[in-house]
Amino acid sequence: MRLSKVVSIPDCPGTESEQAGKTSSCQGCPNQKICSSGATKAPDPAIAEIGAKMSTVKHKILVLSGKGGVGKSTFSAHLAHALASDGTKEVAVLDVDICGPSIPRIMGLEGEQVHQSGSGWSPVYVDDNLAVMSIGFLLSSPDDAVIWRGPKKNGMIKQFLRDVDWGDLDYLIVDTPPGTSDEHLSLIQYLSATHVDGAVIITTPQEVSLQDVRKEIRFCQKVKMPIIGVVENMSGFVCPSCKNTSQIFPPTSGGAERMCADLHLPLLGKVPLDPRIARSCDEGKSFLHEVPDSPAAEVYLSIVHSIQDYCSNRVTEEQSTT
């Protein structure tokens, strides 16, 4: 994969600004002529193409987090495994964490490669009804760093959405990087011509995580992205011997439960810490299959049922209004 050089111009007015290509800071920019022509303000034709491609996907769910390391990719993978446990459902995971793709490792697909077919890129399959696409499949080594600026990352996301041959899907789970940056804006833009069910937001109990989650919630509200609910990961540690719960990450400000009550959002569930979850991810196995009777697995399944109900109710509401 060849990387093209990206030029960054200080004080750029932005390609959609009325001043694009016309200010003094635009002088010397290689894109000045195209910006001043107004071509950058035209709708991206890829939006309609992506809309057509995604028309065969019934439900699209974004998994977001304010901070890294809160278990977002772990949740995305196990949500997909749980949905795919119903053999009648077709499920896929799209990993758009361009700089930190962990989905291939978590889902036991490290070292796999993407193949080109007449209808586009073919995703990699975990099972017959569970497909995965990640930039991790395009790297020569899992240790390779992806050192890209925003436009290059956005182009990759566009290619994933437009050129992957997903086929007919019941659920597409989109695992995003932490924060509210280029990748998230690109997803919202490119999926604007299609129906997105909503976002699941992942946090941990401590205030330093919740502070960034509030920003994520504000982002969703500003771009009119429905919020399915919040999941609190690492919510206490249940001792396997005495069964008592210890708060490893104390919810000093009331945790996700208090935040959701204040912001009138659903709290989908509180997943306790379990070292077996981390081990399963490192081994590329589903924790839900490995330890199905654990307290964490029970909470996961309850959360998955809530998400399924949300998606079903959303379809019913849309049908009743048409």
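Just so it is clear, glycine is given a Cβ too, placed from its N, Cα and C backbone atoms.
Annotations in TrEMBL come from automatic prediction, not curation.
Within 10 Å of the C-beta of Cys29 ([4Fe-4S] cluster 1 binding site) we count 16 further C-beta atoms, all protein chains included. For Cys12, Cys26, Cys29, Cys35, the entry in TrEMBL reads [4Fe-4S] cluster 1 binding site.
The domain 'AAA+ ATPase' annotation in TrEMBL covers 58-229.
For Gly66, Lys67, Gly68, Gly69, Val70, Gly71, Lys72, Ser73, the entry in TrEMBL reads ATP binding site.
Using a 10 Å Cβ-Cβ cutoff, Cys239 ([4Fe-4S] cluster 2 binding site) registers 9 neighbours. For Cys239, Cys242, the entry in TrEMBL reads [4Fe-4S] cluster 2 binding site.
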Quiz item: Which one of these binding-site residues, Cys12, Cys35, Val70, has the sparsest Cβ neighbourhood, judged by other Cβ atoms within 10 angstroms?
Solution: Cys12
Quiz item: Can you name the binding-site residues among Cys12, Cys26, Cys29, Cys35, Cys239, Cys242 whose CA is within 10 A of the CA of Gly71 (ATP binding site)?
Solution: none
Quiz prompt | Spatial neighbour of Cys242 ([4Fe-4S] cluster 2 binding site) that is closest, considering only the binding-site residues Cys26, Gly68, Val70, Ser73 and their CA atoms | solution = Val70
Quiz item: Of all the binding-site residues here, Gly66, Gly68, Gly69, Gly71, which one's CB has the most other CB atoms within 10 A?
Solution: Gly66
